[in-house]
Amino acid sequence: MYKVLAGVGSIVRTLWMVFTHITRKRDTILYPEVPAEEIVPPRYRGRIVLTRDPDGEERCVACNLCAVACPVGCISLQKAEKEDGRWYPEFFRINFSRCIFCGMCEEACPTTAIQMTPDFELGEYVRQDLVYEKENLLISGPGKYPDYNFYRVAGMAIDGKEKGQAQKESAPIDVRSLLP
């Protein structure tokens, strides 16, 4: 008789727990149905992109600091030079199968050309598809820093302006006049 009462009590307790948990909010997130904005934290470091400056030209000056800062060596690029003396990457390649999304390349970039986006859907069936070229990485906008232009701040001569006339640039200093 005790075993029968214990069995019935166990069944009643189980049903009670099931019906009380049915109305609770789920802990598991159903990813495809839930928008990505609700899943990804605000400072999530996802896919890497190359941005353009406000004038529409690519920001990357092929300084190679991102490749040096990368702890796993997944970034490779080759420098080329335009007629006006501006450097640009002839090719820029990131192997996302090796990337650990640490953000060191973004911190090392002096022109803010490399930026991390909250995009996390990078799954591919073929490993070679995880190697992104410059054409895949380059976006049409300036990204997080819409007003920043490296060449306005860096002091490179701009067509139509003399040295010292660019934005936030002081006039050149004559060092000889400072000597005694």
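Glycine is treated like the rest: Cβ placed from N, Cα and C.
Noted in Swiss-Prot for the protein shown:
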BINDING   Cys60, Cys63, Cys66, Cys109  [4Fe-4S] cluster 1 binding site
BINDING   Cys70, Cys99, Cys102, Cys105  [4Fe-4S] cluster 2 binding site
DOMAIN    50-80  domain '4Fe-4S ferredoxin-type 1'
DOMAIN    90-119  domain '4Fe-4S ferredoxin-type 2'
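On the structure: features taken from Swiss-Prot.
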residue: Cys60; record: [4Fe-4S] cluster 1 binding site; Cβ within 10 Å: 25
residue: Cys63; record: [4Fe-4S] cluster 1 binding site; Cβ within 10 Å: 17
residue: Cys66; record: [4Fe-4S] cluster 1 binding site; Cβ within 10 Å: 23
residue: Cys70; record: [4Fe-4S] cluster 2 binding site; Cβ within 10 Å: 20
residue: Cys99; record: [4Fe-4S] cluster 2 binding site; Cβ within 10 Å: 18
residue: Cys102; record: [4Fe-4S] cluster 2 binding site; Cβ within 10 Å: 14
residue: Cys105; record: [4Fe-4S] cluster 2 binding site; Cβ within 10 Å: 24
residue: Cys109; record: [4Fe-4S] cluster 1 binding site; Cβ within 10 Å: 21
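Closest to Cys109 ([4Fe-4S] cluster 1 binding site) in space, going by CA atoms and restricting to the binding-site residues Cys70, Cys99, Cys102, is Cys70. Apart from Cys60, Cys63, Cys66, Cys109, the [4Fe-4S] cluster 1 site neighbourhood in this chain, defined by C-beta within 8 angstroms of the site C-beta centre, holds Val61, Ala62, Asn64, Leu65, Leu77, Cys105, Ala108, Pro110, Thr111, Ala113, Ile114. Within the chain, the domain '4Fe-4S ferredoxin-type 1' (50-80) has long-range Cβ neighbours (under 8 A, six or more residues past its boundaries) at 86-96, 98-100, 102, 104-105, 107-115, 134, 137-143, 145-151. Taking the mean position of the Cβ atoms of Cys70, Cys99, Cys102, Cys105 as the [4Fe-4S] cluster 2 site, the remaining residues of that chain whose Cβ falls within 8 Å of it are Ile48, Cys66, Ala69, Pro71, Val72, Cys74, Ile75, Ile100, Phe101, Gly103, Met104. Spacing of Cys63 ([4Fe-4S] cluster 1 binding site) relative to Cys102 ([4Fe-4S] cluster 2 binding site) is 20 Å (Cα to Cα, whole number). DSSP labels the residues of the domain '4Fe-4S ferredoxin-type 1' (50-80) in these numbers: 5 helix, 9 strand, 17 coil.
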